[in-house]
Number of protein chains: 2
Amino acid sequence: MLDLWYSEKLSEGAKFSMLVDEHIYSEETPFQKIDFFNTKTFGKFFTLDGLIMLTEKDEFIYHEMITAVPMAVNPNIKKVLIIGGGDGGTAREILRYNTIEKVDMVEIDERVVRLCQKYLPSTACKLDNDDRLKLYFEDGLAFVRDAKEGSYDLILVDSTDPIGPGEGLFTHEFYKNCYRVLSEDGILINQHESPYYDEYRREMKRSHSKIKNNFPIAKVYQFHMPTYASGHWLFGFASKKYDPVADLKADEWNCFGIKTKYYNTDLHIGAFALPNYVKEELESV
Amino acid sequence: MLDLWYSEKLSEGAKFSMLVDEHIYSEETPFQKIDFFNTKTFGKFFTLDGLIMLTEKDEFIYHEMITAVPMAVNPNIKKVLIIGGGDGGTAREILRYNTIEKVDMVEIDERVVRLCQKYLPSTACKLDNDDRLKLYFEDGLAFVRDAKEGSYDLILVDSTDPIGPGEGLFTHEFYKNCYRVLSEDGILINQHESPYYDEYRREMKRSHSKIKNNFPIAKVYQFHMPTYASGHWLFGFASKKYDPVADLKADEWNCFGIKTKYYNTDLHIGAFALPNYVKEELESV
C-alpha cells in the first residue's frame, strides 16, 4: 500500500499529517497553488499553497458555525455577502435558510470555485443552482470599497490565513468598509484564527484589534475543528447593535427547522464562553 | 540541528508530531514503557507505551477541567480519591482548594510518580509536601473494591486509554464500586476519550454506557486539548444527585479565589453544551 503522508506544520515544532490514498489534482493559478487529495479517514481534502482548507469529514463544523450563529442572532437577515469561501460550503449552509433573498459571493480565484465544483461537489453543490446566489471573481477588498452603503445584513469573511491572497481581508481598511456596507442590523463574521500556537495567536490578536476599532460590538467564539491547527478555532462576531448572547433568538432559530450536525442554540452560548487564557490575550490588544 | 520527531497515530490515517530536542529518559516497568522528552514548542512531555500523557504547554487545561468542574458543583467536597494521575497534575490542582481535607491517590505504577517527580516537577510538585495527600501504589480496581462505603465525596479517574494497565478502570465492576464508595453527595469524574476519530469514539461510547448503568446522573463535558487526538476531549460527570449545570454554584466557586488559566464558571456551562453529533453518539448507547 502507498504510504504517502500529507503534513502541515502547525508551529515551528508541531505538525499534523494525513495518510493520502491519491493526489488527485494540482494546479498553479495566478493567485496560489491548489491541490486535491483523497484519503480514507477524512474523505477528500484540498489545500491552498500547502495549507488545509477543508476535509469532507469535518467541514460541516466550520460551515455551520459561520452561518448559524448570525442567523440565530438576527433571523431576519436577507442580504448576505460572502468574501472568499470558494469551496462553496458557506454558501451551501446559508442558502439552507429559505428567508435569505440574496447572496453575493466574492472569490478572488475563479479556479478554486471551478475545481471544487469538479472535485468537491459535496461543498460546491449550491454554487450553480440557486438563483439567489451571484458569483463575483474579484478582490474582496476592492468589492467592499465599491459596494453601496447599508446594502447587506450579513458579511461572512471565509478567508485563508492573512498571508497571500487573503492578506487584504485582515486590514483596517477592509473592516471599515465592511461597517459601511452593513445595514443598521448588520453582522460581520470572520475567520479569526486560533489561540494556541504562537503564529496563529499573533494573527488572532491583530485581527481582533482591527475589528474592535471599527465595530461597537466585537466578540469571539470558538469551536472544535480537528483538522485545523490545535483543533481550537475561532470566528469573530462583530455588529452594530446585536450582542451575540443577550440577543440570541433561540426559539426563532429552532423554528427554521434546519437540521445541523454540530450547532445548536445551547452550544451557541457555550461557544462564546472562552477560556481565561484566550480572553486575556484578546483583552490585551 | 537534530530533526527528531515524535509521532502519535490519532487514527489509521492521521498523526500528530512534535519536534524533539532531546529524548531525556526511557524505562520499561512491569506495567508499561515510560519516556520523557524535551521540546521547544511544548516544553517537556512524557509518554506511556508511546502515547502522549501530557505536555507542559497544555496540561493546565486537562487538570483544571478535571478538578474545577466538580468543585463548582459541590464546593463542600472534602474527601477525594484519585485513580491514576501519576504525573501529579490532578493532585496539584485539587490540593489548591484549602477546604479539601484528604486526597487518596492510587497509582498502579510507582515508577510513573518517581520519574515525574524527577523530570516533571511542574506537575508532580505537590506529591511529597502536602499532608492531606496519601499515595497508594496499587491497582485502582482492587482499591475501590476494598474501600469503605460512602467514604469519598469525589472520585477522579485520571487514567490512560482503556488498553494496558488502565483497562480495568473502564469496566462495569469498577463503576459499580465507585458508586458504592461515594457519599450521597458523591461525584465521579472520568477521562472519557474523544468523539471524532472512530477508535476513540468507540471507547467514549463504551465508557458512557457503563457509567449510565450505574449512576442516575451521567453527563459528558468537553474541552479544547490541543495535544490529544483531534483536540476535542471529554470528561464524564456522574453523580448521585447533582446536575452539573442546574446545580452549578458559580458564586461559591468564584469565592475560592482560585486563579485558573482555562476554567471559568461561564465556560463550565458551555462545556456541557455538546455538538449534535456528539449528543447523538452518546444517546445511541
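A Cβ is built for glycine as well, from the same backbone N, Cα and C atoms used for every other residue.
Unlike curated entries, TrEMBL annotations are predicted automatically.
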Which of B:ASP87, B:ASP130, B:ASP131 belongs with B:HIS63, B:ASP158, B:SER159, B:THR160, B:ASP161 in the spermidine site listed by TrEMBL: B:ASP87
Candidate from B:GLN32, B:GLN222 that TrEMBL assigns to the same S-methyl-5'-thioadenosine site as B:GLU107, B:ASP139, B:GLY140, B:PRO165: B:GLN32
Binding-site residues: B:ASP87, B:GLU107, B:ASP139 - member with fewest neighbouring CB atoms within 10 Å: B:ASP139
Pairwise Cα distance for B:SER159 (spermidine binding site)/B:PRO165 (S-methyl-5'-thioadenosine binding site) [Å, integer]: 9
Secondary structure of B:GLN32 (S-methyl-5'-thioadenosine binding site) (DSSP, helix/strand/coil): coil
Rounded mean pLDDT for the residues that make up the domain 'PABS' (B:3-240): 96
Under 8 Å by Cβ from B:ASP158 (active site, proton acceptor), counting only residues of that chain that are 6 or more apart: B:ILE66, B:ILE82, B:ILE83, B:GLY84, B:GLY85, B:GLY89, B:THR90, B:GLN191
Rounded distance in angstrom between the Cα atoms of B:ASP139 (S-methyl-5'-thioadenosine binding site) and B:ASP87 (spermidine binding site): 16
Proximal residue to B:HIS63 (spermidine binding site) among binding-site residues B:GLN32, B:GLU107, B:GLY140, B:PRO165 (C-alpha distance): B:GLU107
Protein Cβ atoms within 10 Å of B:THR160 (spermidine binding site), excluding its own: 20
